[in-house]
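Before any comments, here is the structure.
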């Protein structure tokens, strides 16, 4: 009995009972093929040492690195001079976009893997992601029906020619794998969770191909009954979730719409080009959403595809006043970022400054699809680099793909196995927090919704050091710096342009990410 009480107390303190003076539980390190992971089970999981009170003249530093540091906390006192060659100047008079927040997707695969673990571990994982003591995620992406990260293709109405959607119903996947965990996340976030929905395909009977999987577009005329039914399908979805006690903040009309023309595409998709999406929004989807009290305030994000589509996609849609009245943002994915530079995001913002930019999907191990690499630092660095590039070019928030997968990187009906921030080993009843998880923490813990990105100037910098700076609503400033060099450390001096003699001196180690919070 004493042992059981001790274990329960440990779990409670680890995930629910932090005070500002609490210490963290360190990473339970396990060396895997590609590096170090943090092992968690029903009785133990590492936690993040709280920031505490940040006072003038003191900085708090968190470090995550290839060599095993995982959100290690330290403190610095300011100096009045520095010999560091790399100077970082923060300029709070130069302001950019507000921060929207960070998040992940509630896929079938994630829910299936959660169900492989006991209730205590399920609750741990939700707390690790969505509570203030964890990553503090505020976004949840919810697929409408099946994706490749499902075990089979299904829609909410697979009855042919049911144009009135009389047979529309949520499925067992929603009721078992999505809704329970969404509700837990809503609670863990303290009501701050913002959900947005995205379809991968219409029911197969609505498509030219006759199947959800593979290329195809909606049948018939763009104002015809198939398109009309598809618009009403969205309303039905949101009303069904509303009946379950879940309301949404936003939606996108289609996940990666340009893939729907690829004859070799192996999972669910539906083709739209920019003009088709414009017409669908302005003539059918926008009016349909506006007609229901449940959906009338939903924010539509366009594109939800690679940034290679920019600025063409918003040029087509947002220059049409009727379509534009329904649109609030532009969604981007990261999979072809190597083709177009991040500056295309700034170009898009400058053309359409009234519309936010949100990164809505990313995962490592996708090209080729080779599943998880346990302990991989290079994948963690991929995330950090993309976060810096995106947010440095007007992207307001960043949403990861599956929040948990198995050791294979699934389940996935197309064998499109990829990586995730958390990987579950159901046989051992444990899970592994990848370095990616802690990289996300370096941003999401200290760059809160409502913060403003501010100016940063790195002088005499190495090409391997890059970063961002933010002004938080509580008056603290956050600087995130990434060192991509595998060998060299860099001495860095951080100061405000407005207070050049208040300097924080530190060394950023090879292959490391640091976050500095000061006032």
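Think of each number as a place in line: the chain as shown, counted from 1.
Every residue, even glycine, has its Cβ placed from backbone N, Cα and C.
Features reported for this protein in Swiss-Prot:
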type: ACT_SITE; residues: 256; note: active site, proton donor
type: ACT_SITE; residues: 361; note: active site, nucleophile
type: SIGNAL; residues: 1-24; note: signal peptide
Whole-number Å value for how far residue 256 (active site, proton donor) lies from residue 361 (active site, nucleophile) (Cα to Cα): 10
Other CB atoms, at most 10 A from the CB of residue 256 (active site, proton donor): 22
Coarse DSSP state, helix versus strand versus coil, of residue 361 (active site, nucleophile): strand
Secondary structure of residue 256 (active site, proton donor) (DSSP, helix/strand/coil): coil
